[in-house]
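Undergrad: Before anything else, here's the structure in question.
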Amino acid sequence: MVDTKTPGDKKLSVPSKTLSLKPRVETGTVRQSFSHGRSKQVVVEKRGKRRIGDGPEPHAPEVTAKPAPAAPAPSRPAPPPAPPRNAGSGVVLRTLTEDERSARASALADAKLREVEERRQAEEEAQRRAVREAAERAEREAAEARRKAEDERHRHEDEAKRKAETEAKKRFGEGEQPASAARPATAAPAAPAPRPGAPAARPGTTTTRPGTTTARPATTTAQRPGAPAGRGPAVAAEPDEDEAPRQIRRGPGGAARPAPPPKTTHKPGPQKERGRLTVVTALNADEVRERSIASFRRRTQRLKGHASNEPKEKLIREVIIPEAITIQELANRMAERAVDVIRMLMKQGAMHKITDVIDADTAQLIAEELGHTVKRVAASDVEEGLFDQVDDSTDTETRSPVVTVMGHVDHGKTSLLDALRHANVVSGEAGGITQHIGAYQVVSPESGKKITFIDTPGHAAFTAMRARGAKVTDIVVLVVAADDGVMPQTVEAINHAKAARVPIIVAINKIDKPDAKPERVRTELLQHEVQVESFGGDVVDVEVSAKNKTNLDKLLEMIALQADILDLKTNSERPAEGTVIEAKLDRGRGPVATVLVQRGTLRVGDIIVAGAEMGRVRALISDQGETVQEAGPSVPVEVLGFNGPPEAGDRLAVVENEARARQVTSYRAHQKRENAAASISGMRGSLEQMMSQLKTAGRKEFPLIIKADVQGSLEAILGSLEKLGTDEVAARILHAGVGGISESDVTLAEGFNAAIIGFSVRANKEAAAAAKRNGIEIRYYNIIYDLVDDVKKAMSGLLAPTLRETMLGNAAILEIFNISKVGKVAGCRVTDGTVERGANVRLIRDNVVVHEGKLSTLKRFKDEVKEVQSGQECGMAFENYHDMRAGDVIECYRVETIQRSL
């Protein structure tokens with residue numbers, strides 16, 4: 001090329017000093033250890049950074065003398081100096097063109113722009129680094145302050161422990177020993193050694209690299225023998241690795257960040273250990289040694305050790321213990337280890353696992369022994385507060401009495417109530433007998449007060465109904481017919497009233513009949529400890545006639561007087577409580593329960609619980625069939641809204657919300673299942689029960705499905721059928737429920753070949769069609785005694801008939817004849833009675849029965865005859881038996897089959 005500025009010939013020349021490459025690699029060997037005791041020599045090379053320049057080679061590692069300012073913007077390295085040109089000779093270069101000049105100008109402008117941008121980025125990076133370093137410095141100072149406080153606390157603890165040991169030795173006569181002998185003296189704090197990044201380097205020991213301001217202090221410590229030459233020197237007094245702060249380097253050639261010198265005592269380690277060459281130190285030779293993970297782990301363990309030596313405060317907890325709890329759950333509630341609980345049980349002689357269930361008493365002993373307080377709870381706690389809450393006497397008011405009418409069958413209980421209510425309930429009852437329990441309200445014409453009457457059945461099958469009526473009543477009116485006297489159900493009603501501890505008013509009915517004898521009734525009542533007032537007792541008696549409505553007002557007056565004596569009061573503003581008198585499943589209205597409210601007021605919308613059923617009151621219907629919004633104390637109502645029909649006799653209560661209702665019903669359902677399972681498992685317990693099961697294993701069963709209109713009638717039917725069972729045959733109730741006969745009942749009956757019985761209910765159209773299609777028998781009844789009689793007859797048909805033997809006569813064998821085509825024929829003489837052809841016979845030899853069978857041939861003078869009278873001779877042959885001898889006796893008898901009945 002031609003240079004326009006220096007025209008002339010130019011020649012290329014070589015610089016005076018020849019360029020050369022010096023080896024920049026330092027080598028060394030280390031021994032690398034492997035598992036199982038193996039080791040290997042490894043050659044390690046340290047490659048230094050190549051630096052080009054005329055300055056002398058540095059002999060010490062570079063150390064920054066002070067914190068480096070912001071790094072200048074990087075620029076392109078300067079070209080090497082041009083060699084001296086020899087004027088007057090060489091190749092002539094051509095002049096630059098305009099395109100080349102413009103290209104060079106644009107490249108120069110771009111370079112300047114890049115330089116400005118790089119300088120700006122460097123300044124921003126320096127600012128960010130300064131902010132980060134300030135935050136790290138503040139964090140480091142805070143950590144240093146915490147470490148100083150921790151060291152001071154440890155020093156005080158060690159001093160206190162040392163004093164305690166000295167005092168203990170003095171007390172036990174071992175003599176006082178100086179603290180220096182008991183504990184090694186702590187090395188005096190040494191002056192901090194110069195560290196990389198210190199503000200000033202040791203004078204006279206630095207070597208300055210050209211173009212830099214970084215100094216490398218020369219070390220005064222000899223290198224380890226065998227170390228490679230040129231390796232960075234080791235620090236003379238390096239702090240302990242547990243206490244050495246971490247040094248952060250920003251990169252090769254960058255200045256190290258200054259760190260404050262440590263002010264704590266340093267433990268000088270062996271020079272040999274610090275100068276050892278390893279793979280890590282060889283690869284990171286230009287970095288300062290950092291704190292290792294093992295050092296951090298040792299420090300953490302040391303702090304944990306100090307913390308474990310401190311006495312821990314025992315936490316006392318309130319432990320809730322149910323009726324049964326596992327060991328693991330008990331330990332969790334006490335915040336104790338399960339092994340500690342098992343260890344305590346082992347001391348008591350019980351071996352358990354953490355999954356074993358222990359009772360509440362054992363759990364309470366363990367919790368109290370560990371210092372905790374115990375709160376015992378039970379599953380039945382969900383029923384607390386439902387019933388029998390004490391009312392304040394200032395909030396009570398007088399309520400109507402509840403009167404139960406009881407007595408024997410056909411003594412006129414329902415007729416008496418009809419006369420009081422001016423109604424005709426008897427005509428509506430099937431067969432003219434009461435089979436349901438009913439509740440009614442009557443207004444007394446004298447005082448205008450209401451009286452609640454409960455009518456109970458008088459038949460023997462309705463014992464449970466009478467017992468329920470006696471439990472919820474205040475007064476019992478015992479109806480006795482004047483012409484019939486005291487009967488078995490009358491005695492039962494007296495016992496129910498005594499068990500319920502309620503007063504009795506005797507109503508002697510049917511005094512209008514000519515053969516009525518009221519005095520005989522009073523005398524018979526004395527035999528059962530019922531003493532009327534006319535006989536000097538305290539029991540009120542009234543002679544009435546339901547037919548002619550005689551003395552009914554006097555009976556009401558006596559009831560009101562007895563109620564005043566009882567002083568019946570209750571709080572009507574509290575949540576309602578009552579008793580389910582009767583329950584049924586209505587097809588249109590769903591589950592319906594007849595409830596007698598005893599305390600409080602039952603309102604529409606209340607959430608109620610009765611037995612294992614719950615619900616919300618949708619409607620209240622009075623005894624007159626009217627819909628009401630609320631029912632107060634002593635008021636009988638029909639309640640609609642249950643999820644299912646409750647059982648008769650269940651107590652009803654109003655709860656605050658559905659969650660509480662679900663808790664109560666789930667607990668009661670669980671108890672019901674447990675009781676059923678216990679009754680089944682209890683039947684397999686003892687040896688006697690097993691023998692009885694073996695005895696009844698051959699018992700025949702009569703499968704039945706029973707559907708009734710109300711719960712009380714169903715209960716009476718089941719009780720009556722249960723009494724029909726014997727050791728040979730029994731009624732097996734596959735399903736019993738309240739409501740109409742459904743298609744599912746027919747399906748169940750088909751699977752077990754059972755009969756379906758409907759009491760005051762009918763089958764729907766689908767069920768009737770399915771029963772007709774599958775040949776299932778459905779029987780309908782309205783009177784309980786007709787139902788029981790038919791089932792009794794059907795069960796009697798399953799009984800094995802009785803076989804009765806009737807003796808006909810005896811015959812003695814005189815001689816044996818062999819007849820062709822017939823075999824042996826015995827020539828006999830009838831000694832007693834008669835002998836008939838086809839009758840059963842026994843062959844007796846020496847008073848021992850040797851054969852039982854039937855006569856095949858009976859002849860007299862070669863003629864077949866039907867019978868032979870006593871004193872006559874005949875010939876007899878047996879079926880399939882010919883071993884007859886002279887002198888044997890033939891006994892002839894007839895077997896009669898007699899059908900048995902329950």
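Any Cβ shown, glycine's included, is placed from N, Cα and C.
Grabbed the feature section from Swiss-Prot, which reads as follows:
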- 1-276: region 'Disordered' (REGION)
- 1-12: compositional bias 'Basic and acidic residues' (COMPBIAS)
- 43-60: compositional bias 'Basic and acidic residues' (COMPBIAS)
- 69-84: compositional bias 'Pro residues' (COMPBIAS)
- 111-174: compositional bias 'Basic and acidic residues' (COMPBIAS)
- 407-414: region 'G1' (REGION)
- 407-414, 455-459, 509-512: GTP binding site (BINDING)
- 432-436: region 'G2' (REGION)
- 455-458: region 'G3' (REGION)
- 509-512: region 'G4' (REGION)
Undergrad: Where does Gly407 (GTP binding site) sit by DSSP, helix, strand or coil?
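TA: It is in a strand.
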Undergrad: Which one is it: of the binding-site residues Lys413, Ile511, which Cβ has the fewest other Cβ atoms within 10 Å in this structure?
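TA: Ile511, out of the binding-site residues Lys413, Ile511, has the fewest neighbouring Cβ atoms within 10 Å.
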Undergrad: Counting by DSSP secondary structure, give me helix, strand and coil numbers for the region 'G4' (509-512).
TA: 0 helix, 1 strand, 3 coil
Undergrad: What number of additional C-beta atoms lies within 10 angstroms of the C-beta atom of Asp410 (GTP binding site)?
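TA: The answer is 16 other Cβ atoms.
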